[in-house]
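Copied over from TrEMBL, here are the features:
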| type | residues | note |
| --- | --- | --- |
| DOMAIN | D:58-266 | domain 'ABC transmembrane type-1' |
| TRANSMEM | D:66-85 | transmembrane segment |
| TRANSMEM | D:97-119 | transmembrane segment |
| TRANSMEM | D:139-161 | transmembrane segment |
| TRANSMEM | D:198-224 | transmembrane segment |
| TRANSMEM | D:244-269 | transmembrane segment |
| TRANSMEM | D:290-314 | transmembrane segment |
| DOMAIN | D:350-543 | domain 'ABC transmembrane type-1' |
| TRANSMEM | D:354-376 | transmembrane segment |
| TRANSMEM | D:388-410 | transmembrane segment |
| TRANSMEM | D:422-439 | transmembrane segment |
| TRANSMEM | D:475-501 | transmembrane segment |
| TRANSMEM | D:521-543 | transmembrane segment |
Ligand SMILES: Nc1ncnc2c1ncn2[C@@H]1O[C@H](COP(=O)(O)OP(=O)(O)OP(=O)(O)O)[C@@H](O)[C@H]1O
Ligand SMILES: Nc1ncnc2c1ncn2[C@@H]1O[C@H](COP(=O)(O)OP(=O)(O)OP(=O)(O)O)[C@@H](O)[C@H]1O
Ligand SMILES: [Mg+2]
Ligand SMILES: [Mg+2]
């Protein structure tokens, strides 16, 4: 229970700091060296290190599971089969123990309070009132957005036609979630697809936005954590994963404003009851296999 | 034909006064030399006339029109004058011909006309064939001639020259002097000419203005300045004269005073059997003669042009044919 | 004490030849003037000696050590010489004192010593009190003097001067000439002095080298160059002489030839009752006398220094006291 | 002893520096792009070039960078003239203010402008002019990108040109006026051609800055589906499969090719090798009755390009969340408290950014003169080629340069060990990226120092090092300081290079800003931007205080 732990994460700055601090408070002998960046950057950094032959991190904690699945397929992840998974629903984690879900970040609908039509479902976004007023992250730029896209096309009855309808309705797909929030709270767009915690947090501060969990259900990324095969400190890495999955770690997620992955841990303020949130199903392995096809499909529909 | 008038003009740079109370008239068609020691304000005076500096006080007029006073100023480009700078100020991004042709541009001349006039101006300064040269590849004298050609090319009625011949050898200089004299005669332009070389001033100008310490010391014809200097500064500055005590009793023109000084020019000094005793202090060969410095009994020195070489320390006797009582 | 030797030195810029086959020796302690028309290669020759240019051919030696030949070159900073540029090349980011003190830095002098020498050098050029001035705020002549002080300050044994007096008035010039003469006498430095002003050359130098078109025309003492020019170029260039046909029968020194030309100096021309008939063509006032151009019967012109003003066109008779048969 | 040693050594040293700063990272990218498992393979590169998305992005990059550079020239050049050559009132203040846009990160500038013109604009809202909610921002797309390139890069043009203008002696100007030329003709016929090297340097820098900019097209282009090569690369990175690096490297080579094309055009314009300009009293124009109109026009322009967006930033930083209208009830300093007091990383980032960019500026300013001087010993062709090479790392998106740096410096190297996970890798990346900003103005200035200046020093016994230190360096100092300021301010706000290179406790301001932006915390990001501007203004004011002891013309606004 001493030494260092190198953590690469795409969590926001403050969250990353809190996570590292909490872990170090629990294990004062271990020093966490953490680096945070957007998923594209942190992965580019990791890939460059890999290409140069000296990957640095012990643990990756990033937004999307597809990337993890890809790394697993490349054989870069260390299986931690002995992890204690009590209290987690079946199927939430990777079955081989290559990566573990730490929280649920759902994607729903945000709207500006100036909007006349209050959306309740995904279908509402194809209504004429939303014509030219929808912003969404591009799955070409954001891994989480890709998961959302795949989840919706798999679960909505229209499949990809839903996205064609969005495109026809003038939806604009670009950048990541931060930009969507700016666009909707700034009033340039009235509706957006976005992860839950951002608008909920900002609305609490008074921003003119509201978040909706659509009736059809929401997609979710699970912010998976994984140990790398190349890890220099695999034991500390395991301790870190145990910590994140523990009740204590999950309460930390709540306090940061996220839906904890573990059952029985209360949701943060501003969220409906857990039972009201319907999370749609998602098959990471299949998504990885179809990744390029999905991207091409999306690019075709949105002319990118 | 443009008369230039300066009326009680003064110019200060911050605290330091470059010119004080200058009242001058340069009549239309006149050829005036500004003469004076380094730093006396010659360039500054020229720049005031050209319009590059605004007088701190006083008025500059061209032909009665106010060009500048303490508040207003007609910009140089509207004064229609030609100027040659001490630094030449050739534009390095233009070749020789383009430099010379520049003042013609924008005056409605056709291309052929511009070329003709440029060629003419270059011929005047013996630089035909240098048209396409870069000005960076010219010798010092060649540059000066390009600057001269640029100033002459438009035939303006006011020509200002700031030591235009400083870097030329005697022969080019003589040739340039002729160019000026010709230009002056042909165009009747009012020429103001800054120089530190009095032989230039004496030879060329019809009027000489002697400046010192930012003030006018004397204005007059070359003969007057040389022969009858108004004060000791002019007497000492123009010509290689010697100022000696009046008490030697040399026959002197002007208002004699036994307590003042008299000016003796070298050519007025002869060695005779009967003159005042003197001894040879220094010699300098000038080609035509030996410029010999003699010491009189009371310690005064006297410069003489002697045809033969004398030994240093040799005892001689001198007679002075002509002298001028310098006003105190 | 350093002898400078040039051995068959040539210099071309691209296709154009600036200097051809120059073999010269500047003995240790000599004071040589380079004289010649603008563009003849004087500055180039000086730059070769200083080490700013590499000779295209030939060898430059200081005291027997090869400084430069076609392949190698000792850089200027190792040649230990002082130089004054035609363009002054003062450093605008330093004030006057810093400019002058610069060559003293890095030679192991103490601060007080540097200050003392700087003050001394400034005093020599009459610029005491200008220490803290920016060089951009100096007049042309003041700048030249700063450059001069900078070159004199270290007391190097080779001093190269490129027209160091071009922008000074006669008096400063005379004072500077004295500074050079003194420096020369005191230090015994080898001085090479470019000038276009022959009176400077005649007065100062112990040897004069006349250049034209990049070639040496004559080497000799001032008396020799003035009195016995080696060819028509030198005869025409040095002094205000007139070249007239030998057939006039003026008594001439040198190897006479009836088909050649003889050189007549102005001071050797007198108006007499019995001389050759001539008429007055042109007059120029020089202060001491009137430089008068006379036309002889065959159209040859003769310049004379006459004490009185003659009318243009007036008929006179001239006698020539001295003349020199110019070798063809 | 030999002439060779004197000329070749500086040239070789300069080439070595250029090789390390520019050829090394670029070469590493070439390897990554072209060397596949089966040796060198051009097929993937060609395939990528054939894609219409790539071609469209190439066109967009050229289009926006070129017009952006021209706009920057149109804004920066008049200011440079007015500040350096006229008696316009308040010209120092104006010169000072015009530097500020460079200090605001492109992302933040873009954000500020979008706020300014968007439906939530406090300013437009006050006058009832704000667009209705749901109106697309007018800045989105090509026009907005060009506009912001112009604004963002105008200071580069201003600083570069001003360095040249202060060295312009008055005689050249006066000779032209005496020849009858009106001031504007003097400008066109004499000043502009004399300063052509500076103009070309300014234009090249502005162009290359546009090519390498990610922040502005990311905010203004991507939402409108308008891609430049930089944003295309960014999107590519998001794909993050195993093949992402070669693909990114390939696109980077395309960017490099564009930058080379732009630079080649520049050297075409530079027909001659340049000419020396004599020194003398600097030129000055009297504006007379136009003094105040000029000053007011200048201030108006400055208000539009600086004050208004800055006000928008301030407004945003004072509300609890982006989109909230500023009012007496909503105003709060919470964002400042959050970033400055509650997050230790922000103060650390200020410090890190300050010393890393300060060090980079110092090193580059000091070495720019010897390097530029060394390159001057080379034939003109080779010289402009090497200068072009130095521009390339500046033209690449920062993230690509960062990847190259990781590839180069992760493994321990002889002598220096591994730079990775130390601040020094950021410093090295800064040196690579911003060398062009320091070198361009200095090279332009060196070309105009008369050779006699150095010759006179040689004759005074000064060897080449002393000449460099005492003559050439001070004479080139205004340009070097201008370059240093450009480097400092660009690096201080840089986000994309350090994003991949920072390590724990070595975060830079850009990293913090980016993370806030990404999390949609625009209000906090605005607070940081405002503080940044304040900090830099204070730094500049301190410099201004010291300014009286610096040689004339060194500080760009003095
Ligand atoms: N812009 C200026 N600022 C301050 N002082 C100046 C300025 N211009 C000239 N002076 C000073 O004013 C005085 C007159 O200078 P000016 O250039 O007119 O002299 P000058 O007679 O032309 O001398 P020279 O024959 O040496 O060229 C000098 O003492 C000079 O130093
Ligand atoms: N760097 C150069 N490139 C090309 N030609 C040059 C260069 N320097 C000098 N020249 C030419 O070489 C010749 C000699 O020039 P130099 O400067 O030595 O003349 P100079 O005798 O000093 O003339 P001046 O008395 O006018 O200064 C001139 O024709 C000049 O144009
Ligand atoms: Mg002057
Ligand atoms: Mg010369």
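The backbone N, Cα and C atoms fix where each Cβ goes, glycine too.
Residues 21-22, 24-25, 156, 205, 208, 352, 356-357, 359-361, 363-365, 367-368, 371-372, 387, 390-391, 393-394, 398, 401-402, 405-406, 409, 480, 483-484, 486-487, 490-491, 494, 497-498, 501-503, 506, 508 of the same chain lie 6+ residues outside the transmembrane segment (D:422-439) yet bring a C-beta within less than 8 angstroms of a C-beta in it. The stretch from D:66-85, D:97-119, D:139-161, D:290-314, D:354-376 with the most CB pairs below 8 A to the transmembrane segment (D:521-543) is D:97-119. Long-range Cβ contacts of the transmembrane segment (D:244-269) within its own chain (Cβ-Cβ under 8 Å, at least 6 residues beyond either end) map to 26, 29-30, 32-33, 36, 44-45, 48-49, 54, 58, 61-62, 65-66, 196, 200, 203-204, 207-208, 211-212, 229-230, 232-233, 236-237, 384, 387-388, 391-392, 395-397, 400, 403. Per-stretch counts of Cβ pairs under 8 Å to the transmembrane segment (D:66-85) identify D:139-161 as the leading one among D:97-119, D:139-161, D:290-314, D:354-376. Residues 75, 79, 82, 86-91, 94, 97-98, 100-101, 104, 108-109, 111-113, 115-116, 121-123, 151, 154, 526, 529-530, 533 of the same chain, all 6+ positions outside the transmembrane segment (D:290-314), place their C-beta atoms under 8 angstroms from a C-beta of that stretch.
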